[in-house]
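Peer 1: Look at TrEMBL and you will find Asp313 tagged as active site, nucleophile. Per TrEMBL, the feature active site, proton donor maps to Glu368. The domain 'Glycosyl hydrolase family 13 catalytic' annotation in TrEMBL covers 170-482.
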Amino acid sequence: TLDCLYQLFTKSLCNLEEAEGSIDVFTRSYVFYGVHRQADNSLMFREWAPGAQALYLTGDFNEWNSRSHPYTSKEYGKWELSIPPKTESSPAIQHRSKLKLVVLTSEGEELYRISPWAKYCHQSPDSNTYDWIHWDPSKPFHQHQRPKRPRSLRIYEAHVGIASPKEEIATYTNFTLNVLPKIKDLGYNCVQLMAIMEHAYYGSFGYQVTNFFAASSRFGTPEDLKRLVDTAHSLGITVLLDVVHSHASSNTADGLNRFDGTDSCFFHSGPRGHHKQWGSRLFNYQSWEVMRFLLSNLRWWMEEYLFDGFRFDGVSSMLYHHHGIDMSFSGGYSDYFGMHVDEDAIIQLMLSNHILHTFYPDCITIAEDVSGMPGLCKSLKKGGLGFDYRLNMAVPDKWIQIMKELKDEDWDMGNIVYTLTNRRKGEGCICYAESHDQALVGDKSLAFWLMDKEMYTNMSSLVPMTPVIDRGIQLHKMIRLITQALGGEGYLNFMGNEFGHPEWLDFPRKGNDESYRFARRQYDLLEPENNLRYTQLYAFDRDMNRAEEKYGWLASEKVRPNVHTRFHFSHLDRVSQTRVLGPATYHGELATRHMTNK
């Protein structure tokens, strides 16, 4: 029950505070682990590698000598190394130097690893793996205070790398200069950044994280990201990070997998530590040091980069031992309480929300849960998990079902309103007509469902309006308006969809000859000289958000019918499991999406 979960949470919290002195110190362990320059310019290195026989530091500074700088073994699997400054008192390791940990396993094998606490990693053109870069600038970027938490949350979901019409990987600087002004103009007061945590494989959409404390270097430097966040704040825009604590990349050379040479360390050993669909590693949330690592990771992004909150990815996978695989959640309470529930993961999420809302009262947390776990957005004191919002994932699938199966005259407004309002009272929802899921290759955006190939031939305002384009533009507007009006307590839009972006999203891969053609957003379609009707959709989206800002229907108290019935609708092409609309939200796992992107 929820009461039992709260008791387990309070017990875990008390144990942490008793052993560590305070939860504040415990969750700021990034000031202890990794590398830190001391007042005298000496460098202190600390790691946790319980399975290692010995640990060494190598890199540019010692001409890659793998044994000249050994760590000293401490208790509980911890290791420590102090490097004094040079004779002229400068640090022995310079800013931007390359480093590696050398792990000597119990079998005598020598492994080269990146510190789990590394602040910056980078891939050289001549390398297949990422390097650990010592990041210690003489003048770190100074950031201003965060804006106040918005009354109504209007989220612009964005990926920095595709935020340009050019066929390339866009940068933090491009986003700061060219995209943030559009977000402000459109009336969004929050931007949710995807794929920021370092990931070796670009096509994973950022869901296969290799380095949890490092901002993705393919978009720029940590200072560039700080400037992006600071500029957003100056515009009154809050910034959320898409955080991935549900699993980790299975990479070894530049990830956490087999960090100390064992199958465990940060993860469960054996089959429990491997996600069979995602091909990734699963954290051992019962481990003291894993709790330290993940909770400190949240504090790091809040303190170092001044993010305003998080969208927690893959929460459904965390909540259950079966990870939602081959499950069809019916909404019955037996689905959510029993031996199949991972209590360690739930306590981890409760602790995460506790520290975030304790140390940052305006922090925003959103859960991506497709199972419909009761109490997900209830307060911790009421036995809930403490999230502020959950994604209302039934809504976009309802619109796609209508597009695929029904003629216009068969649209049932009562059924549509039912889907939009069918959620648990008192638990905040983020509604959306479509997100990045619907933009991916293999699926269609709503604009494509509505207008299809005519988007390439009849969107010019210099040619007569065709019935297909006329219908598509009007329905595109109305779908967004009714979704924002009825679907939740916050609203989300994926970048480019506000103006009906005409192409899907597909990252460079072997299957498309490593092309960037579809890994971009064509903001140039909005240029006045192009005379395209995409500007009409953009203008409507802007006016809709500005009207919401004035009248505040997202934040208003909702009056909903108390509905407990369930109904099913057919499989969608890209989903491998039955999708069911339960008494609160859409239930079922997006197996195909997770396999593709995570």
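From the backbone N, Cα and C atoms, a Cβ is placed for every residue, glycine too.
Context for these features, please: burial, neighbours, distances.
Peer 2: The number of other CB atoms found within 10 A of the CB of Asp313 (active site, nucleophile), across every protein chain shown, is 26.
Long-range Cβ proximity for Glu368 (active site, proton donor), meaning a same-chain Cβ under 8 A and a gap of 6 or more residues, is found for Arg311, Phe312, Asp313, Gly314, Val315, Ser316, Arg390, Leu391, Met393.
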Peer 1: In the predicted model, what is the mean pLDDT computed over the domain 'Glycosyl hydrolase family 13 catalytic' (170-482)?
Peer 2: 95
